[in-house]
Amino acid sequence: MFVSLSDHDNLLSFQFASNCIMVKPTFIAAFAALATAKIAPSVHRHLESNEDVDVVVEFKGGNQRALETARLERTSFKDRGSGIAHVRSLLESNMKTSQRAAVELLSSQPKSFTNRIESFYINGNMHVYGANRLVLDELATLDNVVRIRQPIAAQVSPVTFDDDDTDVGIAQGCADNNATSTRAANEWGVNLINAPGVWANGNRGEGVVVGIIDTGAIHTHDDLKGNWRSTYGWFDPTDKTPAPIDRSGHGTHVTGTAVGQNGIGVAPGATWIACRGCVITTHCSEAALIGCAQWMLCPTDVTGKNPKCELAPDVINNSWGGKFHNKLQAVVDAWRAADIIPVLCNGNSGRKCSTTWTPADYKNVIAVGNVGTDDKLFTQSSRGPTADGRIKPDVSAPGNRIRSAWHTGNSAYQIMTGTSMASPHVAGAIALYLSANKGAKYDQVYKAFTTTADTATLTPNNENCGGVSDSKYPNNNYGSVDPRHQYPPSVPFFPYDVVPIAVDAQHIRSVDPRHQYPPPVPFFPYDVVPIALETQHIRSVDPRHQYPPSVPFFPYDVIPLVAPRYTPSIPYFASDALPAVHLQWLHWLLFFIDQLLFASRVESS
């Protein structure tokens, strides 16, 4: 059969048209499938048995472009408040741009299709409440919508004592509601990290604002009423309560440990503010946590209006967490861009390795483990490493049987155990550091705490995380630690009796504020032995190391000398150019001269 050219052309045209007719529905189906893929499977499952669902809508790029701009322009502002206000402005502009199409779409829908929407500039996400399937399908077709998922939830959970100890938690434990009861001048955790040694030098955390995101706080408590900021000091994103409340006690307890008066808190001179991110201890909704995080970035009045970014806290304690991966990473990034230091509890999911909670497992936060009086990581304190092999917790602090303020009365106290109790010890210690080091940023604080951790009295836990026995010293994954490299001559370094030995995943570096603060009499140790840290090792914070002394100390090469810890009145400056043996003779010569001078002064008197 022969076909003319014209007939052939017509046939080709017919075939092409037929193919187009077939391709169009296929393309539509593929596009619909792509849009549907943006919706999380859990949302689909929920709608199988429900008419509507609460969802979080994530947009392309999140808040990262705005934060990158903020970082580049950070130095152009004369004060911290102006810089944070600029961060807020950039984030708000980013939110409006990325959410414009979604807002227009939702505004055009019948009210029956959705109950309400709530947008957050801090991470750029939108929360849609009571959305039906039709609304979600339309949202998913928008180009800049990348994910539609259900909200996550965090928690603060009670723990139990190991072995023969009784249960201690939110509803259990030892409550002391007697204002006249006898107790120690300072709680054991406050003493263990040597906070009183810092107070003795006139630093109680003055000039520093500590933020608390938790179940709330009782601002009328005897130990908390003196340093609560009454204006721009409270926010409740859920119930909009006009004054601080706490229906479970967890937040009040945490606040007391960080900044409480009368010996229960590490930084009693610091100012505290609080936000109710957890309505009950078993549930901290994503919307409430994000609302609190946004309020901490730039505080408003109790109605959420009239922002004053200059009132943002310097450090935020977060004694809550869960397992929700990177859902809050954008929030932490915004805090860091605003020079706010995030401190988080590492979680109570031990004993196994790699049990660190989120967001404590993020790279840019300080995660805190729980250590008891025996210098062991507590049984239920979560361990590292993280999924990518990083050390967690970053530091550890007292968290076992901690006595602090309670919500049942203005003179009530409670004993609790957990990383929730350890974290505020570190937040308070950071407040002491910031009070003595005005303008210090996260990197400086992190370095000061982690490189000067007190590991001399650590006790092995007989557990193995990271493939190295916790009793093997030294380990060399990070190489040798030399204090000379961590503290340049312009920043005086003052190690006391710290022996930086290797610490495994179960070992602790405890917080001791004395290490960051100048003592009244300079002290020069001679037997510092810097050796290695292993990847999975945990460090306890000793804030003593981060406070510049009145007489600078210049660390030198290791001197294999075990000598009494004398305190000479003549500063000793070792030279790297001298052999160790000469340095030893020089040390003893200076000491001998000092003793002669002392004897001479005694005779003359």
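Note: Cβ is positioned from N, Cα and C throughout, glycine not excepted.
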Check: What range among 63-83, 231-251, 378-398 does TrEMBL record as region 'Disordered'?
Finding: 378-398
Next item on the list: Might you list, by sequence position, any residue in that chain lying six or more from Asp214 (active site, charge relay system) with a Cβ less than 8 Å away from its Cβ?
Entry: Val156, His250, Gly251, Val254, Thr255, Ala274, Arg276, Gly277, Cys278, Asn317, Asn318, Ser319, Trp320
Notebook entry, point to check: When DSSP states are folded down to helix, strand and coil, where does Asp214 (active site, charge relay system) land?
Noted result: strand
Next item on the list: Check the domain 'Peptidase S8/S53' (205-458) for me and report the mean pLDDT.
Entry: 94
Next item on the list: Would you identify the secondary structure of Ser420 (active site, charge relay system) according to DSSP, in three states?
Entry: helix
Item checked: Which of His250, Ser420, the listed active-site residues, has fewest other Cβ atoms within 10 Å -> His250
Check: In which DSSP state, out of helix, strand and coil, do we find His250 (active site, charge relay system)?
Finding: helix
